[in-house]
Amino acid sequence: MIVWRAYAAVGVGSALGSTLRYLVSLALAGPAFPWATLAVNALGSWLIVGFAAYAARRTRGRVASWQPFLAGGFCGGFTTFSLFGLETLALMHQGHRAAALGYVVASLLLWLVAAWAGHRTGQWLAAARG
Amino acid sequence: MSIDPLVLLVVAGGGGLGGMARLAVGNLVARYLGAGLPWGTLVVNLSGALLMGLAAGMLGLSGPETGLTWPLLAIGLLGGYTTVSTFSLQTLTLWQQRRKAAALGYVALTLGAGVAALAVGAWLAGGLP
């Protein structure tokens, strides 16, 4: 039964995350550069590492028990690797090679800086709650 | 910006199924290849990239004019199946464990093979329109 609860939590979280990602893409639609995916992937990286760092310090807390829903579910569905790749390929296909390269480099840097910042944020919040 | 509730529903359904498929594939791969490197997420992201290439080759590069197929398959299912957040978490964790070569290899493999898998998928489907 525990297995099915994990699948349900991840499924519902991923459905919510995907829907929110779609809404962000509608709100930021327009420019040729894929700002929306860049933003959701960075934000999702910040969140998932924040949750993980917080849960590691507060192992019996609410964030820890909601981890499948929050991490694999919401953050997993909110962020997307396949659409990031498709946008890169599309930029290359349209002849915007510099933009494609810039998109990949900016994405990677932003994802990892966001992850590092999430680690600090999660640790700080866990410590602040004593 | 106009929001079609049916499209939202389709994205949510696809995203939910994609997330559960990610969990299933991730668990299965981890059981066979171990947890030394994050193989599960790597397999998920590379297979998702290949399928996204196939979808783009067959359906064209998105656009709301394609009805519900693109929101269901690409934005929902494949978008929710693949993940960047877990990739970022795993890369940071490898780095913090001082497994810097593994972290760099994981990043290079994900980005390099991911874009290549997409191009192969699109090529198999007859190329991007």
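These residue numbers are counts, starting from 1, taken along the chain as shown.
Keep in mind that glycine also has a Cβ here, set from the backbone N, Cα and C atoms.
Predicted automatically and left uncurated, TrEMBL annotations should be read as such.
Taken from TrEMBL as is:
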BINDING   B:Gly79, B:Thr82  Na(+) binding site
TRANSMEM  B:6-30  transmembrane segment
TRANSMEM  B:42-62  transmembrane segment
TRANSMEM  B:68-89  transmembrane segment
TRANSMEM  B:101-125  transmembrane segment
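When each of the listed stretches B:6-30, B:42-62, B:101-125 is scored by C-beta pairs under 8 angstroms to the transmembrane segment (B:68-89), B:6-30 comes out highest. Within the chain carrying the transmembrane segment (B:42-62), a Cβ under 8 angstroms from the stretch's Cβ atoms is held by residues 22, 25-26, 29, 69-70, 73-74, 78, 81-83, 87, 106, 109-110, 113-115, 117-129, all 6 or more beyond its ends.
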